[in-house]
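The next block holds one structure in the form of structure tokens; read it before the comments.
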Amino acid sequence: MVMEKPSPLLVGREFVRQYYTLLNKAPEYLHRFYGRNSSYVHGGVDASGKPQEAVYGQNDIHHKVLSLNFSECHTKIRHVDAHATLSDGVVVQVMGLLSNSGQPERKFMQTFVLAPEGSVPNKFYVHNDMFRYEDEVFGDSEPELDEESEDEVEEEQEERQPSPEPVQENANSGYYEAHPVTNGIEEPLEESSHEPEPEPESETKTEELKPQVEEKNLEELEEKSTTPPPAEPVSLPQEPPKAFSWASVTSKNLPPSGTVSSSGIPPHVKAPVSQPRVEAKPEVQSQPPRVREQRPRERPGFPPRGPRPGRGDMEQNDSDNRRIIRYPDSHQLFVGNLPHDIDENELKEFFMSFGNVVELRINTKGVGGKLPNFGFVVFDDSEPVQRILIAKPIMFRGEVRLNVEEKKTRAARERETRGGGDDRRDIRRNDRGPGGPRGIVGGGMMRDRDGRGPPPRGGMAQKLGSGRGTGQMEGRFTGQRR
């Protein structure tokens with residue numbers, strides 16, 4: 001009687017059960033799944049910051065597995081895909097959470113290519129193995145963008161994007177509580193399979209923008225009454241061709257049927273069903289970009305310098321209605337890493353537990369809707385903002401960590417940046433010279449005080465800096481502004 005050939009999905013499920021059970025029970029024997037021509041790569045970076053390279057052969061794979069120090073390794077399988085590939089092989093894609101040595105659980109993706117072993121029917125070995133942690137690929141921190149002043153064109157603002165922050169900020173933290181299991185594979189909870197996972201694509205290395213909306217105080221508004229209110233820098237999302245990628249798979253809700261229980265393999269594994277994204281506010285999306293001709297707009301409540309012909313009254317009224325009430329920066333909070341399916345009412349109810357929310361707005365990124373949203377929360381007092389900053393990290397829905405920061409003006413950010421450069425310049429100036437550290441004042445002034453110390457170089461008195469880097473060739477960003 002001829003044995004029926006098993007389906008690729010059945011082979012993949014059985015392999016996943018055996019592999020992760022052995023990873024939990026006896027990881028020192030994990031190399032037996034591999035052959036002489038196998039390749040193995042485990043996510044991470046080396047000492048120089050480069051991704052780990054693959055190792056080849058059963059012996060090298062054995063040493064690599066031992067170097068990873070697997071101990072009490074517990075795995076939660078969220079989804080398994082298996083398809084037939086060349087030469088009667090099977091490619092298996094696994095997504096789940098992994099906890100090693102009692103550490104917090106971390107999301108991972110692992111791909112196996114199973115090849116037939118010799119002439120033995122239905123026997124496979126791992127020809128290729130690729131493992132990556134998601135938090136090493138997708139970062140939840142967002143790079144900060146210094147918003148241009150109101151006298152500059154928005155196109156110039158988009159050309160001066162800073163470098164993104166390191167994405168490996170929380171490499172050892174997880175969003176889930178570790179649940180010990182006996183065989184290393186645990187059936188996930190019902191609600192955990194419906195969690196939204198908004199993660200940006202790492203392959204394109206798209207620079208995220210975290211706009212810090214600049215708001216002037218009342219004195220500055222009186223001096224610049226014709227200056228337009230700063231518009232939210234939200235560009236209309238350009239919908240690219242929807243190509244299939246694993247980043248889009250992980251960003252969708254995964255069905256509970258695509259899990260592996262502790263007793264074996266689930267009866268059926270469904271591919272994730274893509275769900276439509278929640279549309280952002282039409283008011284934000286329909287907002288036109290600023291141009292230089294739109295700047296001279298009047299604001300009610302302040303004396304204008306003089307009317308100018310050619311202004312659109314409707315556009316002026318819409319802008320004034322949106323930005324009549326101005327709140328201090330200490331009452332406002334920047335909130336990043338918002339899920340796509342969130343609405344303003346849900347977010348407002350969440351922050352009402354900290355204080356009275358008087359205004360809230362959610363903005364979307366302009367990169368095809370694939371990046372997390374961000375927004376601003378305004379309280380009627382500065383005390384809730386300080387409580388939230390002290391209580392970080394802020395977990396939303398119990399699983400999504402929100403990136404909360406105090407709102408700062410552009411002038412404050414420039415003072416911090418310039419102050420750092422001048423401090424280093426003062427340290428270098430104080431370290432040189434035969435008299436040792438001389439403090440803030442020059443050597444000539446110390447000589448006048450106590451009659452000792454070397455004379456100033458060249459017979460010229462040293463100039464005292466203002467601490468702001470305002471002198472020629474002083475300050476980190478002086479050359480750039482010219």
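Note that Cβ sites are derived from N, Cα and C of the backbone, with glycine treated the same way.
Record note: of R106, R410, R457, Swiss-Prot gives the feature omega-N-methylarginine to R457, with no matching annotation on the rest. For the annotation phosphoserine, the record in Swiss-Prot points to S466 among the listed residues S261, S319, S466.
K281 is the residue among K50, K281 that Swiss-Prot describes as SUMO2 cross-link.
Of the residues R290, R413, R468, R476, Swiss-Prot records the annotation omega-N-methylarginine for R468. Cross-referencing S39, S141, S235 with Swiss-Prot, the residue annotated as phosphoserine turns out to be S141. Checking S101, S149, S263, S286 against Swiss-Prot for the annotation phosphoserine singles out S149.
In the three-state DSSP classification, K392 (N6-succinyllysine) falls within coil. When pLDDT is averaged over the region 'RG-rich region' (404-476), the result is 53. Cβ environment of K392 (N6-succinyllysine): V404 lie under 8 Å away, each six or more residues apart in the same chain.
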